[in-house]
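Notes for the one structure printed next.
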Ligand code: LLP
């Protein structure tokens, strides 16, 4: 899909901050938030893009946040979210606790969205009365890849639907305070599953009510898709909300009082707001194949290598007058690994892309990388994490500086 930045702006950012570089557009994020404002609570799944300045933008728009690790709780606090509140500013979602994270949840009073009954016992033993959500695996799931399907027997996520009575017994045994029920069946889901998810949620609300537990809210989870290709469907948020709102009303009829309705998107709020800006550093031919080699690799953007994900690309030629004919090009990075290719499909099959003939010094823009781009980056090949900038109208804010190799080596020295 098109990206939100004029080419001259990207060239200026590359000149000022160097490449590779993550660039985010604040206006696009605010627009996506506004499109979901019909929900009582938008809870940003920060794993999609967890820079504290992005979290700060979310907070300023009244968005709350989900955290899936101790680090993400500390990020939320650093961004100005406070523990507590109703609905809570921060909810911790996981399928297990490590010792340090359990301590952190207790220290800051962060409600827990539990994906296993063991979590309820471990939490209840330390803090009777702590607030909990129950994340239910309804027995089916869906995703843009098998790796992002979070429902069904093969998924490690959530409390299996038939185990809900046992989970409620654990809640009762420890005097935990049940806040809500949560379902997230996967990322990039097909909306054909929506009616099924809503039906599964109502069935669990009945189980909770019949067992004599109070309930304050339900969460539709995340997974809202964004268009990566021009032919991809664009989510009708009004329709999506109306189905969940009707489910909420039916749930209210079951429990006999008002219920909050939460949604937990990651990708939807940030994917289209971000690009990965890289520079063409070499071109070469290998038999019939033409390679365009750029200075970013899968340690920066992992999605094509991990899921065969498609990202639109555009080339900004250093010499704008020289248009260049299209040619099928394989775009690859600098890593010492054959799978370091941005134009590939599932299973690693190389898919050349029609791009204007590239020259060294041209900029390559990889679109729709605001979600699961920077947040999934690694230091593979001893490559420091790259910088991030947030564009807000005329203003440009550096929001993360480039890591240095010295910082990486410092972790290993003087022990
Ligand atoms: N809630 C829960 C409990 C989740 O596990 C996730 C994503 C979300 C919300 C947000 O999902 P979203 O709205 O962003 O689809 N790395 C993959 C996506 C993995 C998502 C993991 N959980 C990708 O690049 O597509």
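Heads up, the Cβ atoms here are built off N, Cα and C, so glycines get one too.
Listed features, source TrEMBL:
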| type | residues | note |
| --- | --- | --- |
| DOMAIN | 23-370 | domain 'Orn/DAP/Arg decarboxylase 2 C-terminal' |
| DOMAIN | 41-271 | domain 'Orn/DAP/Arg decarboxylase 2 N-terminal' |
| MOD_RES | 47 | N6-(pyridoxal phosphate)lysine |
| BINDING | 223, 264, 265, 266, 267, 372 | pyridoxal 5'-phosphate binding site |
| BINDING | 267, 303, 307, 337, 372 | substrate binding site |
Cβ under 6 Å from ligand 1: qualifying binding-site residues of 223, 264, 265, 267, 303, 337 = 223, 264, 265, 267, 303
Note = The average per-residue pLDDT within the domain 'Orn/DAP/Arg decarboxylase 2 N-terminal' (41-271) comes out at 95
Ask   = Considering only the recorded positions 47, 303, 307, 337, which residue has the minimal Cα-Cα separation from residue 265 (pyridoxal 5'-phosphate binding site)?
value = 47
Remark   = Mapped onto three states, the DSSP assignment of residue 267 (pyridoxal 5'-phosphate binding site) reads helix
Remark   = Candidates 47, 303, 307, 337 (recorded positions); nearest Cα to residue 266 (pyridoxal 5'-phosphate binding site) turns out to be 47
Remark   = If you count the other CB atoms within 10 A of the CB of residue 223 (pyridoxal 5'-phosphate binding site), including all protein chains displayed, you should get 30
Ask   = Three-state secondary structure of residue 307 (substrate binding site) from DSSP?
value = helix
Ask   = In sequence order, which residues at least six apart in the same chain have a CB under 8 Å from the CB of residue 307 (substrate binding site)?
value = 144, 145, 147, 148, 346
For residue 303 (substrate binding site), the one of 47, 223, 264, 372 that lies nearest, given that the recorded positions are compared by Cα = 372
Query = Which one of these binding-site residues has the most other Cβ atoms within 10 Å of its own Cβ: 264, 337?
reply = 264
